[in-house]
Amino acid sequence: MGGLSWPLLVLGGGKIVDKLVEMKNIHKYYGRLKALKGIDFSVGDNEIVGVLGDNGAGKSTLIKIITGLHAFREGEMYIKGEKINPRHYSVKKAHQLGIETVYQEQALAEKQALWRNIFLGRQKTNALGFIKVKEEKEETEKVMRELMGFTGIGANPDSNIKTLSGGEKQGVAIGRAMYFDADLVILDEPTMALSLQEVDKVLNFIESIKTRGKSCVYISHNISNVYPVSDRFVAMDRGKVVGRYNKDEISLDQLNEELISVTKVK
Amino acid sequence: MDSKLLNSKTWEKYKTQIALISIAIFVLLLFIITSPAVFLSPQIYRSFLSTVPFVGVMALGLTLILAMGQIDLSFPAVMALSGFVFALTYQLSGSVFLGMLACLLTGSFVGMLNGLLVTKIGIPAIVVTIGMQFFIRGLSNVLSQGSALNMNVGDNIFYRLFAGDLFGIPAQAIWFVFLSILLWAILFRHKFGEHVLFTGDNEDATRMMGINVDKTKIIAFMIMGGAAAFAGILDVFRMRTWWPTMGEGYLMMTVATVFVGGTSMFGGEATILGTFIGAFLIGSLEAGIVAAGLSGFWTRLIYGLLILVAVTIHTVMNR
Ligand SMILES: Nc1ncnc2c1ncn2[C@@H]1O[C@H](COP(=O)(O)OP(=O)(O)OP(=O)(O)O)[C@@H](O)[C@H]1O
Ligand SMILES: [Mg+2]
C-alpha cells in the first residue's frame, strides 16, 4: 500500500474512510521542554510504519499521544476518522478504538502476578466489579502457551513479574498486546531485551499483523530489523519529522545513509 | 518452621503470615506463663474483642493506603471530628441513623480532601496528612469548644448493633471480622483493589494500562477516612460520650499494627490477615505487660521491641 497516498483511502464499496491515525501539526511540551514541534504523522489501513530516530528524538512521545497517555497541545488528531479532543482522550478510549501498545518501559508491575498484568484495565468481572479470577488465569494460560510461546517451564499465570527474565517480561508485554487483537499495534523498542531467536518471533508477529489486515507502528534503533517488515519509514530528529520514505523507493543501505545525513547536526 | 512440612510454593505465599502467627503464639504463651490466672480465663479475651477493633478498623484502612504506596497520618483526628459530627447530629436531630450517615460522610470528605491535595496539587501524602491532622483536630476543638458531648442513645437497636453483644460476642469484634473480610475481597478480588496494588507497585505502568491513578488514590483516601469515622462511631457508642481527645494515642498503635502485620511501606503488597493478627498482638500487649506485674514503664520498651523484631523478620524473609 502506498504510504504517501493520504489523506483519504477508498475502501471496498466505495465508502470513503479516513486513515486509521492522522496527526497534523502536533505539538507537545513537557513543562518548558518542547518535545514535539509540529508533527504530521499518519498510519493507514493495513500498513506497517517504521519510526526511526536518535535517543530523545520524540518517538515515544509521539506514540504516547496516539495511545492516550499524553495530551497534545496544538494540532489535530483523528483516529478512525474521529476527531480527538485531547482533553477527553485517554488510554481507555484508545483501547476501545482498538489501539494496543507495547511500551518501551514494558508497563508491567513487578510485584503483581502475570495474570493480573495481562488484564489490568480490562478485567473480566461480575456486575459488582469483582474479578473472575479463574477465568482470567485460564485465559492467561492460553495466552502464554499460544501467543507468548512459553513452554511451561518456570513461569505460570501466578508467577510474579519480578521472577521472569527480561525476554519473558517482553513476551508478556507483547502477548498482552496480541491478546486484545487490535486494529493498530504500537511497538516501542520491543526487541531491546531479546535474544536473536526472540527477535525473530517479534518480527514474525509484526508480519502476522500485516497478513491479518491490521496496522502497526514499529519503533526501533535497529534499522535492519525495521526495514524488512515495514511498508514505509518516518525519520524523526529533535521533535520533528525529517524524512519520509516508501520501502519500494529505498534500499536498506540507502535508508541508513539517509538517516545519518538527515540527523546530522546542522 | 520447617519448610519441608509445606510445599515450597505455599510457604512462599504465606511465609509472612506464618511468621506472624508464630510470633503471636509465642507472645500468647509468654503471657500465659507469666500470668496464668489472667490469660487462662476468658474475660481478658472478651475485653480484647471489644477494645482491639478501634485500632483494627483504622489499621485496615491504613493497609489499603500503604498497599498504594501512600501514607495517612490524619485518621486519629478524622476519627475525632467524625465522632463529633455523629454526636452533634444525634443531639440536634434525635436520629442515630442520620448521625452515623453524617459521621461517615465527614470522614470520607476529609479523605477526599487528602486525596485531592495529594493528586491534583502534588503534595506528598505525609505532608498533606500531617497538616490535615492538625487542622481537623483543631477544627473539632474549635467546634466543640473543648468540651465533651453526651451521647446516650439508651439500649436501642443501634447501640446493640455497634456496642452490644451479638451472638454472645462483642459487636465491635464482629464488625472488625466483617470489615477485614470485606477489605480482603476488595483488595485482592475487586478491580478497585487491583488498581490500588498496581498503583502502589508501578504508577507509570498503571497509567499506561489506562487506569485512572488519581481517582484510585482519592477513593482509597476516602475509604481510609470512612474507616476512621467508623472507628469513631464504635467508640462514641461504647463510651456513650464524645470527647475532644478521641483518637489521640491511636496513631502509633495503628501504624505499628500494620507494620507488625507484615505490610511494607513500599506499596504493591499488603496482608489483611497480617493486619488482623497484628491488631490483636499490639492491642493485647499492654494488658499482658501489666498483668505480668511489670510497671507501665515497660510498655513502650516492649512495644518497640516487638515492632522491631516483627519488622526485621518480615524484611529478612522477603529479601
Ligand atoms: N515524562 C517526561 N517528562 C519530561 N521530559 C520527557 C518525558 N518523556 C520524555 N521527555 C523528554 O522528551 C524528549 C523526547 O523523548 P522521547 O522519549 O520521546 O524520545 P525517544 O525518541 O523515544 O528516545 P529513545 O530512543 O531514547 O527512546 C527527550 O528530551 C526526553 O528527555
Ligand atoms: Mg523512546
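Backbone N, Cα and C define each Cβ position, glycine as well.
These come from TrEMBL:
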TRANSMEM  B:20-40  transmembrane segment
TRANSMEM  B:47-67  transmembrane segment
TRANSMEM  B:121-140  transmembrane segment
TRANSMEM  B:161-187  transmembrane segment
TRANSMEM  B:218-237  transmembrane segment
TRANSMEM  B:249-266  transmembrane segment
TRANSMEM  B:272-294  transmembrane segment
TRANSMEM  B:301-317  transmembrane segment
With the greatest number of Cβ pairs under 8 Å to the transmembrane segment (B:249-266), the stretch among B:20-40, B:47-67, B:121-140, B:218-237, B:301-317 is B:47-67
Best-packed against the transmembrane segment (B:272-294), counting Cβ pairs under 8 Å over B:47-67, B:121-140, B:161-187, B:301-317, is stretch B:47-67
Near the transmembrane segment (B:218-237) in space but 6 or more residues beyond its ends, with Cβ under 8 Å, are 53-55, 57-58, 60-62, 64-65, 68, 70, 72, 75-76, 78-80, 82-83, 86-87, 100, 103-104, 106-112, 114-116, 118-119, 151, 153, 158-159, 162-163, 172, 175, 179, 192, 196, 246-247, 250
In the same chain, residues at least 6 away from the ends of the transmembrane segment (B:121-140) whose Cβ sits under 8 Å of its Cβ atoms read 65, 70-74, 76-78, 80-81, 84, 110, 113-114, 244
Taking the transmembrane segment (B:20-40) as reference, the highest number of CB pairs under 8 angstroms among B:47-67, B:161-187, B:301-317 goes to B:301-317
